[in-house]
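Enquirer: Structure below; questions to follow.
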Amino acid sequence: MAHPSQLGFQDAASPVMEELLHFHDHALMIVLLISTLVLYIIVAMVSTKLTNKYILDSQEIEIVWTVLPAVILILIALPSLRILYLMDEINDPHLTIKAMGHQWYWSYEYTDYEDLGFDSYMVPTQDLTPGQFRLLETDHRMVVPVESPIRVLVSAEDVLHSWAVPSLGVKMDASPGRLNQTAFIASRPGVFYGQCSEICGANHSFMPIVVEAVPLEHFEKWSTMMLEDA
């Protein structure tokens with residue numbers, strides 16, 4: 001969950017998000033090392049009084065500044081490609097949910113059940129109860145079981161939207177007439193908030209996403225209750 005004055009990412013709630021956090025630290029460390037080296041060279045060149053006007057070329061230096069950047073790029077690219085493959089890999093999902101973007105709300109359909117679906121609207125500020133978050137709460141949450149592979153099919157009915165939940169490391173564009181898919185595994189119980197991440201009109205900022213991860217037995221009770229109320 002995000003908090004005021006936060007500088008870093010939200011706490012990871014899925015294996016993919018944990019990998020993204022590790023990659024961020026890895027890339028940031030490389031950037032800091034390069035920046036420190038460049039700053040040191042600039043300061044040394046400006047502050048020194050020594051000059052050498054006879055060195056016009058140096059094959060050794062040219063080899064170093066060609067090979068070293070290539071090695072650095074490889075060190076960044078390899079873990080990045082690994083995470084890209086992990087994000088695209090969807091093996092034997094236990095549950096498939098279709099998320100449809102509308103102006104300006106989300107609708108969810110649990111395709112493994114015959115008649116389990118609902119619309120999810122933002123709770124107005126005047127209807128919030130103590131402990132709820134402004135512009136982030138919905139009247140119906142997308143409930144999923146913990147530690148189960150979940151596939152989310154994302155589309156839109158009218159304009160471009162984007163289904164994103166930072167804690168779970170998922171963000172997928174919702175395009176009219178196109179069915180995109182993403183997947184995640186909630187590694188711990190909790191309530192995870194997201195928002196539409198594509199400008200979609202006047203009420204774009206009023207399209208929150210709430211994913212609630214619960215133990216399997218609680219999910220079964222919830223799905224049974226929803227089917228009975230349908």
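Using the three backbone atoms N, Cα and C, a Cβ is placed for every residue, glycine included.
What you see is a predicted model, and the numbers here were worked out from it, not measured in a lab.
This is the feature table in Swiss-Prot:
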BINDING   His161, Cys196, Cys200, Met207  Cu cation A1 binding site
BINDING   Cys196, Glu198, Cys200, His204  Cu cation A2 binding site
BINDING   Glu198  Mg(2+) binding site
TOPO_DOM  1-14  topological domain 'Mitochondrial intermembrane'
TOPO_DOM  46-59  topological domain 'Mitochondrial matrix'
TOPO_DOM  88-230  topological domain 'Mitochondrial intermembrane'
TRANSMEM  15-45  transmembrane segment
TRANSMEM  60-87  transmembrane segment
Enquirer: What other residues of the same chain, not counting Cys196, Glu198, Cys200, His204, have a CB atom within 8 A of the CB centroid of the Cu cation A2 site?
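Expert: What remains near the Cβ centre is Gly101, Trp104, Val159, Leu160, His161, Ser162, Ser197, Ile199, Gly201, Met207.
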Enquirer: By DSSP, what is the split of the topological domain 'Mitochondrial intermembrane' (1-14) into helix, strand and coil residues?
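Expert: Secondary-structure breakdown of the topological domain 'Mitochondrial intermembrane' (1-14): 0 helix, 0 strand, 14 coil.
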Enquirer: In terms of Cβ proximity under 8 Å, which residues at least six beyond the ends of the topological domain 'Mitochondrial matrix' (46-59) contact it?
Expert: none
Enquirer: So what's the average pLDDT for the topological domain 'Mitochondrial matrix' (46-59)?
Expert: 77
Enquirer: Could you check the binding-site residues Cys196, Cys200, Met207 and say which one's CB has the fewest neighbouring CB atoms inside 10 Å?
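Expert: Counting other Cβ atoms within 10 Å of each of the binding-site residues Cys196, Cys200, Met207 gives the minimum at Cys200.
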Enquirer: For the recorded Cu cation A1 site, enumerate neighbouring residues of the same chain (Cβ within 8 Å of the Cβ centroid of His161, Cys196, Cys200, Met207, site residues themselves excluded), in sequence order.
Expert: Gly101, Gln103, Trp104, Trp106, Ser162, Ala174, Gln195, Ser197, Glu198, Gly201, His204
Enquirer: Give the sequence-ordered list of residues that share a chain with Glu198 (Cu cation A2 binding site), lie 6 or more positions from it, and have CB atoms under 8 Å from its CB.
Expert: Leu160, His161, Ser162, Asp173, Ala174, His204
Enquirer: If you draw a 10 Å sphere around the Cβ of His161 (Cu cation A1 binding site), how many other Cβ atoms fall inside it, taking every protein chain shown into account?
Expert: 30
Enquirer: Based on DSSP, name the secondary structure state of His204 (Cu cation A2 binding site): helix, strand or coil.
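Expert: It is helical.
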Enquirer: What is the number of other Cβ atoms found within 10 Å of the Cβ of His204 (Cu cation A2 binding site)?
Expert: 17
